[in-house]
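Notes follow the structure.
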Amino acid sequence: MRKTIALWLAAGIVGFCIFPWYSVESGFWSFSWLFSEFLSEDAAPALFQALLYGRWWFVPLALAFVGIGLSFALLKDERTRAKALVILSMTGLALLFAQGFAIGRVGPELFIDALNFGSAAAGQVGFGSGAMITAGALLFILTTSISGLGQGRGDAFIVGSIGLIIALVITFVFYPVSQILIRAFEASDGGIDIALFFTRFFSSDIWSLACLVGGKTCGPAWNSVFLAVLTGAGTTLLGLAFALVATKTAFPAKKLLRVLTIIPIITPPFVIGLALILMFGRAGVVTDVLHDVFDISKSRWLYGFSGIYLAQLLSFTPIAFLVLIGVVEGVSPSMEEASQTLNASQWQTFKNVTWPLMRPGLANAFLLGFIESIADFGNPLVLGGNFNVLSTEIYFAIVGAVADPSRAAVLAVVLLMLTLSAFVAQRLWLGKKSYATVTGKADSGQHSPLNSALKWTCYGFALPWAAFTAVVYSMIVFGSFVKLWGYDNTFTLDHYIRAFSVSFNNGIRWTGVAWDSYFTTLTISTIAAPLTAVVGLLTAYLLVRQKFAGKNLFEFSTMLSFAIPGTVIGVAYIMAFNTPPIELTGTSIILIIVFVFRNMPVGVRGGIAAMSQLDKSLDEASITLGANSFTTVRKVILPLMGPAILAALAYSFVRAITSVSAVIFLVSARHNMATSFIVGRVEHGEYGIAIAYSSVLIITMLVAILLLQVVIGQRKLRRQNRLQTSNKNNELASA
Amino acid sequence: MKNALLGGLAAVGLLAALPATASAEELNMVCGAEQDWCELMARGFEDETGNEVLMVRKSTGETLAQVRAEASNPKIDVWWGGTGDPHLIAAFEGLTQDPGVDTSDLLGWASNMHKISNGGTVGIYAGALGIAYNSEVLEERGLPAPACWKDLTNPAYTGEIQVANPNSSGTAYTELATFVQLFGEEEAYRLLTEIGKNVNQYTKSGSAPSKAAARGETTISIGFMHDMVKLAGSGFPLKIVAPCEGTGYEVGAVSVIKGAKHPELAKQFVEYALRPDVQSRSVEVKSFQVPSNSKASVAPESPDLASIKLIDYDFATYGERSTRERLLKRWNEEVKNASH
């Protein structure tokens, strides 16, 4: 305990006295702040800002550090010392943020009258590395001291992790989101009006049920719920069918099936919608054939609920599959064998053993499908017709001809509430049962095959769907090689040449128009993916394995950023991070952060699903043998989490590449993203280049996922991962 | 414990790697036109002045939302291109500033934009509203070709017309305001309701209907004629109609954001964007809007504004918030509710 605190105290002092407090113009990595600019006004650390430039508001913070150092050195009683450190480090954190918020870029923002003198009146810029290190050090002194008081079983790693995640979620989810949600309560004169909020909230614009009684459309809220429930159920079923086919049948082309189920997840937005239009739209290929052969009249059935539903099933089934495959694989064959030994039929085994054990997976897959559907923006935009859903309504409330941020905020609250309901429903369904099937005991069972009725049902769902996916994607690839997709099908390579040409005069020059955004996208996603996986899985570990107060709230708060539509997040991030103390707009950091916190829920969900299958006795054995919780995580849990880690890494990488709505507001000239580029092309009808670019992205992501799969590999459960091959052996034995 | 510490240190170290904010003497430009045109403008200005232009393309609605959110510490210097409506809103909300450029060479509608916005925004191009139809589908269905706005009320067109929703699209709002100015408010709403019965979808985006018509997803669309010209030019069987009653138009604009970090450079850019030789280059990237500088050359494919009956579009009145809200409310109550 003492050593940890000493180290963090040292880190804090270094952050306060050596690193530049503010963000430096020339960039952190130039390191000029350490040499030529060390004591310049821009790059000086907090200590010298106070001594040389009259920034007196760092003095209280310095005093807090002195206090921490003194109590650390002088107080002998462990509990008294811990208590003193808790109070002092909290004071330090409060002082740090208070000065940041109180004194803005052009002078004081809070307590204006009291502060408006001297150097405070001149203002200050955003936090830099010094402030970040100092804040981190104070946070970990706080959590280490709290664990010193006996909280979290006195485990500094656990309390530190909880503290870190809470701090991150508050800074990068709550703080920005509150900036925009507060506007739901804003009256037209700028004041706060609670009654007005309820009027808006229950407005028939949002909740109308007219479609049930007349021909008119329902409100966007009901449309969204209806769509999300069906999408959640549909993707879970299809994902389950795929997962069962992949693990419990002897289907020959499993590898191909797996690739097919992954491709939709790595498809940039709009592309699936466009492909569907070209197939099933009024002038689509399939429509034409049906018209010519069967005389079915050409209609616009695709535009509206049916089109969105189809596109969402295509897009989100893979997510359900990724969650469920780990779960289905993890269901212990021993339990299935025990059931069969007790004379249960294959169907009874499935119904009474396998199915209940898959419940956490099913519930998580459904929840993800539901939330994805409700927050989906690209598909409703392209295929929505007159079927309005919340996500597009929110987008147009912000960017439409009549911008109405308070309406957007109200709609966002509705959307959040729907997500919360789904979350609660999921918890109720799962209850408090244990779903652990991976224990420390050797398990030499074999996965029981599905009974044939179930097997053919799974085939019946999965195979046509796989074929359909294959057709949709052939259309897309085809589209990138023809002059005018859907109209003039002359072969051409123009789109690829325009986007990705390279010239070899004087070394390699990337002359194609897409290279810039392509490289940026890859860099940012590569940085964001491992961070997302770490944050997501750490959170999952805390949620599944640790008990602490406010756990449910903690769990929901980690889901928050996922449930809020990207548009709202994008605008919220600009509002929160455009001005000091945390000034990030126009940098690549803001893109990385938005990806990490938007995609971490997938890591969390997948991690929870996988971890609730790991028996606690594994951890306990490790702890009993003297390992601390960090070692346990590293040596016991992580190796068993292979599929979940893979899913989290792959998914966050892919989402960072394909997400669009949040990113549109945050991209800048220096850091433009591929999707933003593609959407711009789609907006102006240049489908050829958009689709060529998308195809390249799809292949890039596919390669990345395959590489990940090779690197991470499969977890070894000391089970034979093969199916019982009927009863040949028995027959041989009896013969 | 040591591992935990190392992990924590690494995390803090990563957070510490905060970069600098964008450094000086580069022009930050947001562009609302299509990518190729944006590139042409940005690179052209770079070549001529030697200054670096950091350009990103965003739709006008998104740009306006960003400009509003960034008002206290703007990161954009100049906003070039895109329909003038959001530029005007930004100007009326005090989010832009007068670049202080000479507008004497500009055509009436462009300098008018400058005047009514108190210098907040300047017109750079204009494009008229029109009707387009897919000649192949029209023939297949045996429908007559429309020539006037009033033709669109023909019940034969039921489910064949697509137009954007004025609540989300500036194009469609221009259409609504054009109808009101052309026919008077009562008659305009009566006509729009009649046409509404033929509309198969009110799209969110203003350019979507013509794209749908090009592919035969709908038969008839309403939108800006230069978009239609571009689609027809790329090979789609799209025929363009200048309505016989006359029509309204949009003015694309350029604005300097209030509090821009590089106002001098932004002013230079606006001057550059208004020059006749620069405006004449738009045809290189197949953009067929009519340039605002009277000395610029007009592409032969551009819809000839002189041969189209253009109304005297009142941007001051119809760009104003209260008018806009009133017209849209009425549209929602009468036109939207009459559609199916």
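For all residues, glycine too, the Cβ spot is worked out from N, Cα and C.
Since this is a predicted model, take the numbers as computed values, not measurements.
As written in TrEMBL, here are the features:
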- A:221-426: domain 'ABC transmembrane type-1' (DOMAIN)
- A:518-708: domain 'ABC transmembrane type-1' (DOMAIN)
- A:5-24: transmembrane segment (TRANSMEM)
- A:84-104: transmembrane segment (TRANSMEM)
- A:124-144: transmembrane segment (TRANSMEM)
- A:156-175: transmembrane segment (TRANSMEM)
- A:225-247: transmembrane segment (TRANSMEM)
- A:259-281: transmembrane segment (TRANSMEM)
- A:301-325: transmembrane segment (TRANSMEM)
- A:381-402: transmembrane segment (TRANSMEM)
- A:408-425: transmembrane segment (TRANSMEM)
- A:456-482: transmembrane segment (TRANSMEM)
- A:518-544: transmembrane segment (TRANSMEM)
- A:556-576: transmembrane segment (TRANSMEM)
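Relative to the transmembrane segment (A:124-144), the listed stretch A:5-24 leads the set A:5-24, A:84-104, A:156-175, A:301-325 in CB pairs under 8 A.
Long-range contacts of the transmembrane segment (A:408-425) within its own chain (CB-CB distance under 8 A, at least 6 residues past either end) are made by residues 180-184, 186, 197, 200-201, 206, 220-221, 224-225, 228, 232, 367, 370-371, 374-375, 390-391, 393-394, 397-398, 556, 559-560, 563-565, 567-568.
Counting same-chain residues at least six beyond the ends of the transmembrane segment (A:259-281), those with a Cβ under 8 angstroms from any Cβ of the stretch are 239, 242, 287, 300-303, 307, 310-311, 314-319, 321-322, 377-379, 381-383, 466, 469-473, 475-476, 479, 485-486, 651, 654, 657-660, 674-675, 678-679, 682, 687, 690-691, 693-694, 697-698, 701-702, 705. Sequence-distant neighbours of the transmembrane segment (A:225-247) (same chain, 6+ residues past either end, Cβ-Cβ under 8 Å): 218, 254, 257-258, 261, 305, 308-309, 312-313, 316-325, 327-329, 358, 362, 365-374, 389, 418, 422, 447, 450, 454, 457-459, 461-462, 465-466.
Counting Cβ pairs closer than 8 Å and at least 6 residues apart in sequence, the transmembrane segment (A:518-544) and the transmembrane segment (A:84-104) reach fewer than three and form no contact. Long-range contacts of the transmembrane segment (A:156-175) within its own chain (CB-CB distance under 8 A, at least 6 residues past either end) are made by residues 1, 4, 139-140, 142-144, 146-148, 535, 538-539, 541-542, 546, 548, 554, 557-558, 560-561, 576, 582, 593, 596-597, 628-630.
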